[in-house]
There are 2 protein chains.
Amino acid sequence: MLKGAITIQANNLYDIKSVLTQIEQVSQFSQDNAGITRLAFTPADYQARNYIISLMQTSGLTVHIDAIGNIIGRFVPEGTDSSPAVATGSHLDTVPSGGKYDGVLGIVCGLAAINRLKSQSDIRHPLEVIVFAAKESSRFNLPTIGSKAMAGLVTAATLNAIKDQDGIALAAELAAIGFQTKQISTASRSKNSIKGFVELHIEQGQVLEQGRIRIGIVDKVSAPTRLKITVRGTAGHSSVAPIEERQDALVSAAMIILAVRNIAAEYEYQGTVATVTILKTYPGSINVIPGQVEMWVDIRGTEHESVIEILQEIKDAVSSIADDYNTPVAIEVLSSEKPILLDDTINQIMEAACCKLKQTSVRLDSRVSHDAMNIAHIAPAGVLLIPCKDGISYNACQEAAPEDIAAGLDVLTEILYQLAK
Amino acid sequence: MLKGAITIQANNLYDIKSVLTQIEQVSQFSQDNAGITRLAFTPADYQARNYIISLMQTSGLTVHIDAIGNIIGRFVPEGTDSSPAVATGSHLDTVPSGGKYDGVLGIVCGLAAINRLKSQSDIRHPLEVIVFAAKESSRFNLPTIGSKAMAGLVTAATLNAIKDQDGIALAAELAAIGFQTKQISTASRSKNSIKGFVELHIEQGQVLEQGRIRIGIVDKVSAPTRLKITVRGTAGHSSVAPIEERQDALVSAAMIILAVRNIAAEYEYQGTVATVTILKTYPGSINVIPGQVEMWVDIRGTEHESVIEILQEIKDAVSSIADDYNTPVAIEVLSSEKPILLDDTINQIMEAACCKLKQTSVRLDSRVSHDAMNIAHIAPAGVLLIPCKDGISYNACQEAAPEDIAAGLDVLTEILYQLAK
């Protein structure tokens with residue numbers, strides 16, 4: 001019987017101290033020393049993956065790696081093999097110079113929760129902790145690739161077209177671990193293979209911290225809409241005058257950055273924001289007026305209508321800047337996915353778990369993508385958030401308090417138990 | 001006797017047709033197909049250098065390469081070896097995606113002029129055409145390295161600190177052609193080794209074209225003042241709101257770009273402009289608010305006072321933006337050289353040559369750096385400009401009309417003759 005009283009054994013794979021140690025351990029696997037940089041399928045990512053695989057094996061889980069590189073650690077109580085699984089998990093890859101809790105938290109807590117539940121006699125479903133491959137879009141420009149594949153949302157043709165900034169194909173990385181993209185359908189799971197999925201994650205916002213609330217329960221997850229804007233000017237020697245007659249692509253780009261920022265400030269009350277996140281100047285020589293600028297815009301909103309509107313406003317502003325400064329602009333919509341409504345039944349179970357464990361909770365929407373939004377296509381899925389310090393994420397300063405992590409682990413364990421019993 | 005009547009021999013190394021063919025030939029040596037990219041000491045640069053060396057040898061010039069890689073082609077009329085040289089020349093390296101006339105024009109016309117003068121019996125000085133190494137700052141961030149070394153303006157310590165963006169040391173490139181930076185003083189020439197130096201170049205502006213004037217005679221050359229501005233914000237997930245509370249380094253950078261542009265528009269009547277030419281975003285991930293931006297500013301002015309003033313205005317604007325948006329900014333002055341006054345006696349000879357050959361001319365200032373500005377420290381030096389189409393430079397569309405090139409060659413030949421006879 002669980003009843004708010006899973007025995008926590010010190011120095012064991014499922015106590016909070018071990019969880020914190022494991023988070024520290026994974027944070028050592030980084031491509032550099034500026035925060036944590038562990039892009040998908042890099043050596044640092046494989047180090048982290050192998051470490052987690054060894055933890056799974058030590059915990060007695062069977063480990064399966066699917067055709068997109070998702071790692072599935074599975075504990076099957078006797079006689080439950082044909083039942084749908086109760087699953088949890090998150091990702092190990094990071095953005096460049098990211099933080100140590102993002103993704104990792106959900107994996108080590110998921111493993112700890114399963115370890116706590118292993119000895120429960122009334123578990124009637126297999127328990128799984130899943131490491132989703134290539135969640136961040138930092139390397140391959142497409143987010144949540146692993147969970148998309150598991151939900152059957154990505155084709156071999158799409159995968160074959162994906163390359164990183166150095167021109168290295170995703171297909172080549174998969175081939176290196178023995179998979180061919182044409183096998184991708186083997187990674188997808190049927191709608192009755194998972195009874196429920198819950199992902200524990202840090203908030204990456206300040207709703208919980210400012211409201212002094214321990215647990216966030218996500219109603220809706222925004223999927224990003226992404227644009228690539230190319231501004232064409234005329235390169236010339238940096239001494240060229242008059243300034244008014246220049247077609248300086250970077251000056252137009254600056255106007256666009258400020259326009260996007262002002263439009264975002266207007267729309268944020270609707271839960272929608274937009275950000276210019278990357279900018280590149282060409283030819284990139286210290287004495288040459290920029291002849292071309294490429295910039296990437298990330299739009300996040302939990303209301304699809306609002307995303308459509310902000311996109312139109314950005315397009316209008318960009319085209320007016322292009323005309324005013326005689327610098328033609330091309331806008332390419334790289335991706336545009338609708339916000340995902342998560343499962344209300346799961347959310348009620350999450351609320352009940354918080355109540356039972358006397359943890360404050362709140363329902364909220366998330367502008368941050370999570371793998372759960374893809375799994376929601378094949379199973380009831382939920383996202384459980386704990387506070388992060390100052391809302392800082394994607395930054396080496398990312399912090400989560402041990403007491404919040406402990407609370408998150410307890411609530412996650414209770415939820416998985418309620419789903420699995 | 002010269003007297004406006006040097007015989008032009010068809011299909012010879014010094015006719016205008018050959019000059020145009022040689023310019024085309026050098027334009028084939030490029031690292032890529034987007035304009036001409038021939039950064040200093042790259043294989044494309046060596047191809048161009050070797051081609052010019054072979055032309056020098058065919059013309060009977062002795063070829064010497066100095067310790068910084070400058071190529072000196074020298075013709076010594078009998079009995080003149082101990083006299084100071086009359087020299088011309090320019091550079092072969094380009095900015096990325098540059099044009100085919102920039103630099104090359106001055107070398108092939110210089111060679112053609114010497115070929116024309118070789119048979120004159122009244123030449124009393126050695127004639128030299130010089131290929132200055134690494135004129136553009138595109139690769140090593142320092143402009144006119146070759147002519148600085150020839151004028152004794154650069155030390156071994158400075159050279160040893162220079163690396164390109166890939167971390168390749170200039171010293172390593174020099175070592176590859178057999179030179180050590182500690183030998184650099186052997187590249188410097190004494191004040192009595194050159195009687196006069198004239199560089200023929202395209203204008204890279206529109207004064208000549210708009211005034212329908214054939215020849216520009218430069219009074220003063222601006223040396224660039226260069227800044228690196230680093231804006232520090234706070235990286236975070238691109239969903240973070242409120243927008244007002246973000247410390248988005250790219251938004252502050254956009255403000256700075258526009259401030260620099262507006263300040264430049266105010267100052268251009270003084271002959272001073274400023275341009276943000278390169279910008280880099282960090283961490284450079286599509287879903288992360290830029291936590292840091294690096295930007296490079298190039299300031300050009302022919303009046304030192306005006307450069308000092310614009311620099312102060314930029315610093316004030318940057319610091320006010322840093323305060324307003326809570327994004328600390330560091331400004332590093334990478335280089336700051338005073339404008340160089342060229343030699344008035346040389347300029348009078350240039351004017352007289354234009355008169356004699358019935359070519360229109362005008363005195364003007366140049367915001368573009370030329371190797372002549374360094375040679376001016378050790379010898380009377382001048383810069384002769386011909387029009388370029390639409391003032392376009394540092395761009396694949398760079399064009400110079402054959403009749404302007406022919407006029408430039410004729411005037412250059414006459415000037416060298418007047419100096420050497």
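Backbone N, Cα and C define each Cβ position, glycine as well.
Any TrEMBL annotation is an automated prediction that lacks curation.
The Zn(2+) 1 binding site annotation in TrEMBL covers A:H91, A:D102, A:H201. When other Cβ atoms within 10 Å of the Cβ of A:H91 (Zn(2+) 1 binding site) are tallied across all protein chains shown, the result is 29.
Proximity of A:E136 (Zn(2+) 2 binding site) to non-local residues of its own chain (separation of 6 or more, Cβ distance below 8 Å) is seen for A:L39, A:A40, A:H91, A:D93, A:T94, A:V95, A:G98, A:P143, given in sequence order. Reduced to three states, the DSSP call for A:E136 (Zn(2+) 2 binding site) is coil. Under the heading Zn(2+) 2 binding site, TrEMBL lists A:D102, A:E136.
Feature annotation from TrEMBL assigns allantoate binding site to A:R226, A:N287, A:R300. In sequence order, A:H237, A:S238 constitute the residues six or more apart from A:N287 (allantoate binding site) in its chain with CB-CB distances below 8 Å.
Taken from TrEMBL, the feature domain 'Peptidase M20 dimerisation' applies to A:227-325.
Of all the Cβ atoms in the protein chains shown, 28 others lie within 10 Å of the Cβ of A:H201 (Zn(2+) 1 binding site). Of A:H91, A:D102, A:H201, A:R300, listed as binding-site residues, those near chain B by the criterion of a Cβ under 8 Å from one of its Cβ atoms are A:R300.
Cα of A:D102 (Zn(2+) 1 binding site) to Cα of A:R226 (allantoate binding site): a span of 21 Å. Sequence-distant contacts of A:R300 (allantoate binding site), defined by Cβ-Cβ distance under 8 angstroms and a gap of at least six in the same chain, are A:S222, A:P224, A:T225, A:T272, A:V273, A:A274, A:R367, A:V368.
Rounded to a whole number, the C-alpha distance linking A:H201 (Zn(2+) 1 binding site) with A:R226 (allantoate binding site) is 23 angstrom. Cβ-based crowding with a 10 Å cutoff singles out A:D102 as the top-ranked of the binding-site residues A:D102, A:R226. In the three-state DSSP reading, A:D102 (Zn(2+) 1 binding site) counts as coil. In the predicted model, the domain 'Peptidase M20 dimerisation' (A:227-325) shows an average pLDDT of 94.
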